[in-house]
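Student: Below you'll find the structure I mean.
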Amino acid sequence: MDPDIENERIEDRKKWGHKDVEHWRAVSNVHYYTREGFYGTAILVCDGRLATVQDVPLAILKGVCLVLLGKIPEAIRHLEAFSNDQNFSLGALYALKWAHASAFNPDSKSIVEIEAEISKTARNEKTPYTSYASAAEVLYFAGEFQKAKQNLDIAGKRSTEKHAKYYCLMGWIDLGLGKKQKSTQELFEKAGGQEYPDGNIGRCKILEGHHSASEMRVAANELAISTIHFLPGHIEKAKALIMLRDWHGVMDCIVNADQQEGSNPYIEILRTTHGICFAGEVSQLNRTLQLLLKSLDDNESINHALYAKITKLIVSISGKNEKILRHARDFLIRALKLSRKPDYVALSLRIAFGLGDAREVSVLSQELIALDCEDPYAILSSVTSMLMVSRVSDARAQFDIMPAAHPKLLESPFYYLIASVLAKHSKDKSFENFRQHIENLIEMLRNQLQSFPFGIDYLLLFSSDLLYFAIEQCFDFYPLVPMKAPDDTMKLTSKMLQMIYDVAPGLAYCALQLARNCYLVSNTNAAEKWIYKALEKDDSLADAHILRAQLILDRGGKIQDADDALVTGLNFNFKLRETSLYHLIKSKTFKKRNENDEALKTLKMALQIPKKEMSNNLFVPKESADTHKISVQLELIDTLRQTKRIQDAEDTMADAMAEWAGQPEQHQLVIAQAQLYLTKGHTEKALAILRKIQPGQSNFHLSRIRMAEIYLEEKKDKRMFAACYRELLKVEPTPGSYSLLGDAFMKVQEPEDAINFYEQALKMQSKDVQLAEKIGEAYVMAHLYSKAVNFYESSMNIYKDKNMRLKLANLLLRLKNYEKCEKILRAPLDREPEPSDTETIQTHIQFLLLLAECHEMVENIPEAMKDFEKAKSLHNKIQDKTNTTGLRKEGARICNLQAELYYRRHEFPPAIEVCKQALQFYETDLKSNLLLSRIYKDENKWTLVLQPCQAVLQVDPHNDEANLILADFYYIKSEADHAMTSYITLLNKNPLHWHALFRVVELYCRKGEHHKADEFLNSARDANPRCVTEAGYSVCRGRFEWYTGDQSQALRCYSRAKDSPNVVWREKALYAIIDICLNPENEKILDADSVENAEQKTTEEAADQQSTAQVYLDLLGKVGPTERYRLAQNFVRMHTTDKNTIMATIDEFNKMAYAADKSIISVAAIYGIAKGYWLLKKQQPAKQLLKSLHGRVWNFDDAEYLEKCWLLMAEIYVGASKWEQAGTYLDQVLKYNCNSLRAFELYGQAKEKEQKYVEASKIYEKAFNTTNQKSCSFGYKLAFTLLKTRRLFLCIETCQKVLDINPQYPKIQREIMDKARGMIRTT
């Protein structure tokens, strides 16, 4: 070989192998933008480098971009300068040939000359391999991948070393040839390994094709970090994050790209996609779209293909939003000015169709007929145009012959939209045909999308505008009033809406429509959630505020809140005043205020609103023509009936039926009329009018579902309930009907039959995950747990669905198969320990929370806490990117679950700490505030209880638990009146609220109003006669009987509760029984004299009572020793005549009575010590001890034992004949307990000893009345004092009452009654 040639090749190799960072970056940029169709941007990159450096390969690439832009003369002039370049001539020649061939009138002579020159240069051995490499590069962009590969192979053979550019171009050519093997990836990795940026771009492309979003993000992130100023790296990272649906990360990438707004069109496309699909901020969206348009005008002003592509993207993700479609039209106008390509005209028709512009659709349709265009919108343009002016028969005639001429139409979703409209307006108006066409539309769209990873190309095909057209077509079949279950129409629309929302959660109107769907199936909680999601994206959405007002009224919320929502909606759209819906909701607010006349006036105003002209456009839903008029008529009828204007109501119904006769709305009216009959209790009438709807009529489906509900809920007829669904299945044997019949059998608790129908539906619709979930639930309901587990496992593997995994884990948890449950939950967590996309993070959080529950069940608390901490950490990752109300609530929920675990384990300090974390997420969170209140209450920290409790009541004034805690707070603080009011409020809502009832009995009996306490006890029994068997009621009734002196009845009540599983009521009952055992019928067996001079009988009686009390005390021992238990234990021990035992018990009480600083901490223990001294006849220390309580503030906690202390002091003074001092203490007792029978007894004794029998009789009369005149002992004392005061007839009457209670009470007859009669005879 010639030495000169060899030397040249060595120089070439040096040049090729030299790592020129700036050249590589520039070439990689140009390659990237050219592949992506941003030819103008690529030219700007070329010009930027060529202005400072002579770079022939880059100059040739500029020529390629000029050809792609259609600037042929300029491209030819530019490329001719390099056709003789020694190193790159082949590339320039191929580019020149391409340019000439692309001209409007190709110069054949020039093309022949160029081909000859190419052939000559290619055969020349002196041609350097760089020239072949350049040729391969040009041919790649020309789409001639096979020729490109041949040239690159020659370049490789002539080069002794292969470098990054070679590997990378070979990889791209392989991709162009459809090769996506591992070898292609290795080529890109080799190029990337030499720090050639386009090599890493190739890696990203391969991973994108494999749908490997996480790996793509890692690769793009490496590129973005290693070459910070290489913009395609940031773009690819953003695309990876879009694939992961991490929209917050996308915006971070846009910011990190550090590009001036509007300077780079690709960045602006990403910003616009983020704005429409996620941000949803309408006010910002206008500016975003304007920035994108400006960027294209500045960088790609003659790139009509890019204008058209972006137009299609915007239309596809618009959700048929009018504002977005009008912006899209601005982009397309620029493309059409540059080129009138048929596809662009078809796209223009699609926009006009979306805007409902029938005239423009007609004009464009005529143009498309003359053009050769295979776009479905073009093929069906004339049919579309006809349907937009109601020419149904002409449209059908054309439509029927279309598939024969264009077979591929059957794969187009748009074809099925047209078919659904024609089915809806056919003679039979078959809903089933309509529904099937919509299902086909969804299926075809999914088929088109399934091979594409989620990204720009996916969004280009998504067609949310088309889906929304299909959704609107379903509106005509919607119910007018909320139903109890979704029908097929709403299931269908919910499916499509969810598809749109999953792709573009920024489309607020989609969230609003999902809210409306939930509202119409009476799922108010879900409806509220969707309304907030809609307003989160667009708070100016007037319809969302109106629906919120509707929801507030239907849920019985505050009327003012509903009014506020109405006003807010009106502020955003004043035209709402012209709609029936606005007046309908306004009338409901008047009805809630019982302003029926104003409601009637508002409804009549609504009916006088001028009827909107019905559109001829069959693609426009009738809802836009204000079908709420029917709802107004029904509401008017209902209001007239409520106000007893029956004739007016019937006339209005007749007018409505006449107005809508023969129209589809008539059937809607029939359904609503049936609902109206039902609210009036006319079940048969409701069934009769529903039965009139026959197969083929639009509301047949809904009528049978409604009939089934009536048979089940009103008539309790399961047979007819199933028959309605069987009739549906007979008429419409579709997967939906089989599924509905399965639902019906699930509703009547017959899961085995349900499984058969679900399985049949799944055979017909094998990809339906929801059906699979229903089968699993049916297996569980049928207690076929092994089958359920196997089914969930197989379904989890088939559908790759997170819900299946969660359901399986939940079931395993219920079955106590903790090991397998943990394994199922661990698998996805271990597979991706640090997820980055929002959806995966949210799924992981659900897995972790369930795993924490699993760990708690096996007592692995440290692991459970780790699960909670990991869940919180993952949640914080999402919240760092966005800070929505929903996310804050979710963060609070996670904290609450952890706090509740601490609370269950009585670990209060960490529970308080986690509750405070929850409040940092969401400061008005109810659960955390309630839990804090509960913890402070359990810790007896009442000063801290009030703040979290009031925080709850500010948000939810009717919260029962908060009101109860507040009532207890007042009770503990001895604010009896406030406490009473709060408890009564709770009882008015729920007469069976035992805690509140117990407190009310206590408070009323202390006030001396025991008859009122009895009324509440009777109210509970009236509300539920079976409540007498409940422990709560038994303890409340026992307490009442104890206060009224009937200890035998009290004991019977308490005995019913002593074995209750409810620990609270069981303990109360047992302590009360022990107290009665030690002091039966308030008769003192033990006193100082009986201990001093113990008789055998007294000792035996005391021992028997002590033994009985001990039995019940032992039952309490199972709960565990508490302070109250130790007190009861010592009182039982003290109930003896043995002085040593009494002294030992005093020592025990001493240990409990005082704190380290000798301050009193237990009034009960002080009473125990004093009673012990009193029994041992040590009156002086007893008195000194009791006097130490002087000045102690009375409170409900100490009330019982404070009263006992005062009574004991009074008894000591009565024994010492110190009447005045005794009276002081007895008055103190009666001040806080007007029904204290022991106080009455001691007071009576004192007055008798003073021989003040009149006063004594008054006291005994109070005591006798307090016991409902059932106490023989008080009856005897009253009769005795009446005898002494010579009130003889009243005395005899009292004696008779006692004998009526207990005929075996001869003492009263012999000692009092006979004497009184004798005294009457002698006077």
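Quick reminder: no glycine exception, Cβ is built from N, Cα and C everywhere.
As the structure is a computational prediction, the values presented were derived from the model and not from experiment.
Just lifted these from Swiss-Prot, have a look:
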- 411-444: repeat 'TPR 2' (REPEAT)
- 580-613: repeat 'TPR 3' (REPEAT)
- 736-768: repeat 'TPR 6' (REPEAT)
- 770-802: repeat 'TPR 7' (REPEAT)
- 804-835: repeat 'TPR 8' (REPEAT)
- 892-925: repeat 'TPR 10' (REPEAT)
- 927-959: repeat 'TPR 11' (REPEAT)
- 961-993: repeat 'TPR 12' (REPEAT)
- 995-1027: repeat 'TPR 13' (REPEAT)
- 1031-1064: repeat 'TPR 14' (REPEAT)
- 1238-1270: repeat 'TPR 16' (REPEAT)
- 1272-1305: repeat 'TPR 17' (REPEAT)
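What's the neighbourhood like for these features in this structure?
Tutor: Taken together, the residues in the repeat 'TPR 2' (411-444) have a mean pLDDT of 88 on the 0 to 100 scale.
With a threshold of 8 Å between CB atoms, the same-chain residues lying at least 6 positions outside the repeat 'TPR 6' (736-768) that come near it are 435, 485, 488, 491, 705, 708, 712, 718, 721-722, 724-726, 728-729, 774-775, 777-779, 781-782.
Long-range contacts of the repeat 'TPR 7' (770-802) within the same chain: residues 735, 739, 742-743, 746, 749, 751-752, 754-755, 758-759, 761-762, 808, 811-812, 815, 828, 843, 846, each at least 6 residues beyond the stretch ends and with a Cβ under 8 Å from a Cβ of the stretch.
Tertiary neighbourhood of the repeat 'TPR 8' (804-835): same-chain residues 214, 769, 772-773, 776-777, 780, 785, 788-789, 792-793, 795-796, 841, 843-844, 846-848, 850-851, 853-855, 857-858, 874, selected by CB-CB distance under 8 Å and a gap of 6+ residues from either end.
For the repeat 'TPR 10' (892-925), the residues of the chain that approach it from at least six positions outside its boundaries are 845, 849, 852, 856, 861, 864-865, 868, 871-872, 875, 885, 931-932, 934-935, 938-939, 951, 954-955, judged by C-beta separation under 8 angstroms.
Listed as Cβ neighbours of the repeat 'TPR 11' (927-959) (distance under 8 Å, sequence separation of 6 or more from its ends, same chain) are residues 892-893, 895-896, 899-900, 903, 908, 911-912, 915-916, 918-919, 965-966, 968-969, 972-973, 989.
Long-range Cβ contacts of the repeat 'TPR 12' (961-993) within its own chain (Cβ-Cβ under 8 Å, at least 6 residues beyond either end) map to 929-930, 933-934, 937, 942, 945-946, 949-950, 952-953, 999-1000, 1003-1004, 1006-1007, 1016, 1019-1020, 1022-1024, 1027, 1030, 1032-1033, 1193-1197.
Sequence-remote contacts of a segment are chain residues at least 6 beyond its ends whose Cβ falls under 8 Å from one of its Cβ atoms, and for the repeat 'TPR 17' (1272-1305) they are 1045, 1081-1083, 1237, 1240-1241, 1244, 1248, 1253-1254, 1256-1257, 1260-1261, 1263-1264, 1311-1313, 1315-1317, 1319-1320.
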Student: Checking distant contacts: for the repeat 'TPR 13' (995-1027), what same-chain residues at least six beyond its ends satisfy Cβ-Cβ under 8 A?
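Tutor: Distant Cβ neighbours of the repeat 'TPR 13' (995-1027) are 964, 967-968, 971, 976, 979-980, 983-984, 986-987, 1033, 1035-1037, 1039-1040, 1043-1044, 1068, 1232-1235, 1266, 1268.
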Student: Pull the DSSP breakdown for the repeat 'TPR 8' (804-835) and write it out as helix, strand, coil residue counts.
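Tutor: Counting residues per DSSP class in the repeat 'TPR 8' (804-835), I get 25 helix, 0 strand, 7 coil.
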Student: Which residues of the chain, 6 or more past the ends of the repeat 'TPR 16' (1238-1270), have a CB below 8 A from one of its CBs?
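Tutor: Distal contacts: 1008, 1010, 1043-1046, 1082, 1203, 1207, 1210-1211, 1214, 1217, 1219, 1222-1223, 1226, 1229-1230, 1277-1278, 1281-1282, 1284-1285, 1287, 1294, 1297, 1301.
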Student: Counting by DSSP, what is the helix, strand and coil composition of the repeat 'TPR 6' (736-768)?
Tutor: 26 helix, 0 strand, 7 coil
